[in-house]
């Protein structure tokens, strides 16, 4: 039963006085504000707008907001907007385990999963900390057994390969984190299967040895269609290799689920079942048992450091005044561009190959959370909400879509991420210095641009001149970490989680449900039964009928 408390006393963000004040500021100065001029006017601009986060282990991440299209007055009004939207009240409700996901009547408590200080955290009057810690201890024991070689397959061989079968949050998080922290891996290989396309599971199984492979089936309900279909194919492959002996399944399959009945029916020993509660949303689940593949890959101590890095950002988000609250500032800038500059997209470009899946992970976090059009006041929003988030690692991205960022007609606010220290400082750190020079240069170029006079001074004439002009004044946030460690990665993810939270709180939407994924699933079941027959289909619109019937002819 959904809670009636929508955690806001306004229906639309446009009702808030600060929203109207920001609209006036945009017209008066925002749309004409030139960042280059702002730097010239204020020698302390960088010191004022750059914020340093100190992690639990003393490592630092610098967030430079100074190249954004704001001044002191605009920033003050954005902070006032956060106050009027009661962002901190909603934040506190989340951290207190209240059911802020009101359409499903659930708490939003992924923050409890990284509570390594083990302080009491309650949902419905129950302290969930002991249960969360018990699952982590179970993960630790299992991880150490597998990594040490003590866990044996049915022929007595140790595990060499782990295959995580999941989809959505049960896949995107573990894939991204294992790639990002590959430097910390030892000899265990991890593979991920998510797509229902048979190619994904077939290509993954092709080179694996069934005697040394461990499968993790990641599905809270153990009924997710794509995941259970892929898991069943994996089980059939395993049985085809071992002579069909079902008793061996328990040595090669574990479940990340809470449905003991279905897990047991599948053949998995429930001792190897790792659960998590319904207050853990899929896109926030990498901190839970869903992160078991990560712990197996990098070791439990590193996984715990990953949790602690996120916990440190949680502490910052809760305790830091709004003016210096790094995730809150990131979220407010996003609202400023989306709603007042009509920016429809947001670029995240990591200047780090290990982070090559980070933008894909953030796509789900941002777009599934804030791709909503109805507010907590149960009315349709009369303003834009979630941005289209995209990105690729740089410098590759510079040779593909950066042209659009520099000279296109759309304003695309961008986040650039770099670690100062490389895990691979080859050629006397030459590669890292080239990478860093591009990180700094791209942000500077987007800000300063190049005017006609400069273009002409470089020898361009006539009709070529306008083609070589860069308007500049394109906003960027530069995020500079010391090194990509488990703690740093945990902190970066938590930063973007709380940015997303802040956006949703301002827009007064529920960032924690995802009804938009349901309709397609329902229709897919109907069409699935139609594909099982040879009959010509005529029950849909002519386009869908035509496509289905052509598919049936060609299959």
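Each residue, glycine too, has its Cβ placed from N, Cα and C.
For reference, Swiss-Prot has these:
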BINDING   169, 170, 219, 220, 221, 222, 223, 224, 364, 368, 399, 521  D-glucose 6-phosphate binding site
ACT_SITE  368  active site, proton donor
ACT_SITE  399  active site
ACT_SITE  521  active site
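Geometry remark: residue 169 (D-glucose 6-phosphate binding site) versus residue 521 (active site), CA distance 17 Å. Under 8 Å, Cβ to Cβ, and six or more positions away along its own chain, residue 364 (D-glucose 6-phosphate binding site) finds 168, 169, 172, 283. Here the residue listed as 'active site, proton donor' is positioned 29 angstrom away from residue 399 (D-glucose 6-phosphate binding site), judged by their C-alpha atoms. Its Cβ placed at the centre, residue 221 (D-glucose 6-phosphate binding site) has 12 other Cβ atoms within 10 Å. Non-local contacts of residue 521 (active site) by the CB criterion (under 8 A, 6+ apart in sequence, same chain) comprise 225. Residue annotation for D-glucose 6-phosphate gives 169, 170, 219, 220, 221, 222, 223, 224, 364, 368, 399, 521. The furthest Cα pair among them is separated by 43 Å. Taking all protein chains in view, 9 other C-beta atoms sit within 10 angstroms of the C-beta of residue 399 (D-glucose 6-phosphate binding site). Following the DSSP three-state reduction, the secondary structure of residue 169 (D-glucose 6-phosphate binding site) is helix. The two recorded residues residue 223 (D-glucose 6-phosphate binding site) and residue 368 (active site, proton donor) have their Cα atoms spaced 21 Å from each other.
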